[in-house]
Amino acid sequence: MANVLLLSILACSLLAAMVSTAAAGNFNNDFDITWGDGRAKILNNGQLLTLSLDKASGSGFQSKSEYLFGKIDMQIKLVPGNSAGTVTAYYLSSQGPTHDEIDFEFLGNLSGDPYTLHTNVFTQGKGNREMQFKLWFDPTKDFHTYSVIWIPRQIIFMVDATPIRVFRNLETRGVAFPKSQAMRIYSSLWNADDWATRGGLIKTDWNNAPFTASYRSFNANACVWIGGGSRCSGAGTWMDYEMDVTSQKRMSSVQSNYMIYNYCTDRKRFPQGLPTECTIN
């Protein structure tokens, strides 16, 4: 059964790559390079963006638009080879001390060892909702699609159209949910060798610099925040999204086989009791 589900996941990965390519945005129109002193580049008439990291600095970019709900897709090819100590962050975030945030972070590793995909959700400035996975493919060999479906009742993290995590709106049970602060899309490549790889035991090998991550096929079917209101595109498809039985089985398979940390099972971290959302089915 596990092999059948894995084949299903891989088939969806191929389909997602095809769909994302067909609906690609343009980085010149959609994003601003915000830091890196020339280490970030928009290439191929806006169809490709690269971030680089060397010993002096990393680099980053952000979306021109802010969004309040949507389906956000980005294809990323991560730093190849010995990427230990590096972090490629891709996330949505609002601003301020009570900000909301939806995180993908890719923690580099030694050559041949799998990347760790770190996910988190911040609400009203509070995070501590980490779930981590080992990817079931080499994310440095080709582009793969990383998606967020953010709608009023839930947030779904997806990899190549396979759901890996759901954060549900449980405001009626006292759990804050991101629903009122518009967020930009951000990405950065930076050095975090004090914690990123094996808790900081493995340091960045600068002999391998510059490290480079590549981006393409951005697509946002989303509500763009404009002057205190929002304008939505394609809301009839993503706003009503619900996982079908097959998608639920794929997510269960990923979590059973590839999840390496789940805050909802870490009783040592929460000796006074697990967070409320972890106790509700």
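Note: Cβ is positioned from N, Cα and C throughout, glycine not excepted.
What TrEMBL says about this one:
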type: ACT_SITE; residues: Glu101; note: active site, nucleophile
type: ACT_SITE; residues: Glu105; note: active site, proton donor
type: DOMAIN; residues: 21-215; note: domain 'GH16'
type: CARBOHYD; residues: Asn109; note: N-linked glycosylation site
type: SIGNAL; residues: 1-24; note: signal peptide
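Taking a C-beta cut-off of under 8 Å and a sequence gap of six or more, the residue listed as 'active site, nucleophile' has these contacts in its own chain: Tyr91, Leu92, Ser93, Ser94, Asn120, Val121, Phe122, Gly127, Pro178, Met183. Its own atom aside, the Cβ of the residue listed as 'active site, proton donor' has 19 Cβ atoms within 10 angstroms in the protein chains shown.
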